[in-house]
Amino acid sequence: DKAPLSKSLLLVLSAISILLTLLFQHYQKFFAYNLQAIKEDFQIWRLVCGRTICLDLKDTFCSSLLIYNFRIFERRYGSRKFSSFLLGVWMLSALFDLLLVEIAQYIFGITINSLPSGFLGPVFALFVPFYSSIPRVQVTQVLGHFSITNKSLVYILGLQLLTSGSYIWILALSGLISGICYNSSMLKVHRILCVPRWVAKIFSWTLEPVFSSAEPTNEVRVGMGATVDIQRQQRMELLDRQIMMSQVAQMRRQRQQQGGMINWNRLFPPLRHRHNANYQDHRPSEQGIPPPTEVSEEQVARLMEMGFSRGDALEALRASNNDLNVATNFLLQH
């Protein structure tokens with residue numbers, strides 16, 4: 001639901017990959033990511049075909065699962081912004097692929113004539129916003145030392161995809177570099193490499209009705225009466241906003257039972273001590289009050305998208321020194 005682009009990528013690319021592997025194997029040569037043919041014979045079309053369809057079913061399976069998990073970004077940012085990100089990192093990763101191959105040949109003396117085919121550069125680039133913007137919620141611990149979080153399964157899938165081929169590390173590195181460049185506020189790449197609004201409207205009128213799904217109505221709401229551990233386990237399995245919203249609903253119910261106040265002193269005791277010190281003096285001096293921490297409006301907006309009020313988001317970010325993960329974990333647990 002609300003992710004037609006992710007659904008189309010998952011279905012179309014997977015279907016073409018399966019057909020090429022099982023029925024039309026003699027056409028696979030047109031989708032090979034042959035760098036030698038690109039540089040010597042100027043077959044530029046291979047940059048499109050070779051960097052779109054996977055010829056290995058293992059890569060198809062892993063990349064499809066990752067696209068399914070990364071659909072949260074299309075729901076959060078919208079289809080146009082999500083497609084702009086994919087287009088931008090796809091173009092940048094093509095440039096970095098050729099550059100990294102030349103660097104490997106110059107430094108290590110490795111001659112690379114071809115790379116694994118598929119939509120792998122943008123998939124690896126999506127790990128950049130996944131690492132920086134998705135809150136990390138601990139689920140359990142293994143042997144008392146190794147933490148298992150809601151993001152562990154996605155990282156394991158990425159590691160599996162990374163080890164599936166000999167030179168796939170070049171695609172992974174170029175994808176990560178492309179994702180960092182596109183997300184950088186200094187380079188302003190997102191303002192240059194973006195999908196025009198009129199193109200987005202055309203695809204919205206033509207393709208979105210085909211791949212859009214109706215909002216589920218018969219799905220049982222989960223997590224409203226469950227414990228925190230069960231909610232965390234469900235969120236790791238589903239990785240969806242529905243679980244997060246159910247946790248928010250439980251947190252709000254606990255707040256109402258406590259009189260509508262969040263006990264910030266449970267995690268951030270310095271706040272309570274600072275307020276008590278101020279109330280002891282009926283007229284607190286301005287020198288004794290530390291300057292308020294500047295809060296990023298983007299992080300406040302992300303917390304408000306999860307259902308928290310602006311006041312709670314501001315307090316949590318100020319108390320956690322603008323650490324979005326700490327603020328989110330605290331708001332979900334209290």
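The backbone N, Cα and C atoms fix where each Cβ goes, and this holds for glycine too.
What you are looking at is a predicted structure, and each value in this text was computed from that prediction instead of being measured.
Per TrEMBL, transmembrane segment is recorded for 6-24 (among others).
Among the features that TrEMBL reports, transmembrane segment is placed at 85-108 (among others).
TrEMBL lists 114-132 (among others) with the feature transmembrane segment.
Listed by sequence, the residues of this chain that lie at least six past the ends of the transmembrane segment (153-177) yet keep a Cβ under 8 A from its Cβ atoms are 56, 58-59, 62-63, 65-66, 69, 89, 92-93, 96-97, 99-101, 104, 112, 115-116, 120-125, 127-128, 130, 236, 239. Taken from TrEMBL, the feature transmembrane segment covers 153-177 (among others).
Residues annotated as domain 'UBA' in TrEMBL: 294-334.
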Residues of the parent chain within Cβ reach of the transmembrane segment (114-132), under 8 Å, 6 or more residues beyond its termini: 9, 13, 17, 31-36, 50-56, 59-60, 63, 66-67, 70, 73, 85-86, 89-90, 93-94, 97, 101, 151, 154, 158, 161, 164-165, 167-168, 170-172, 174-176, 178-180, 182-183
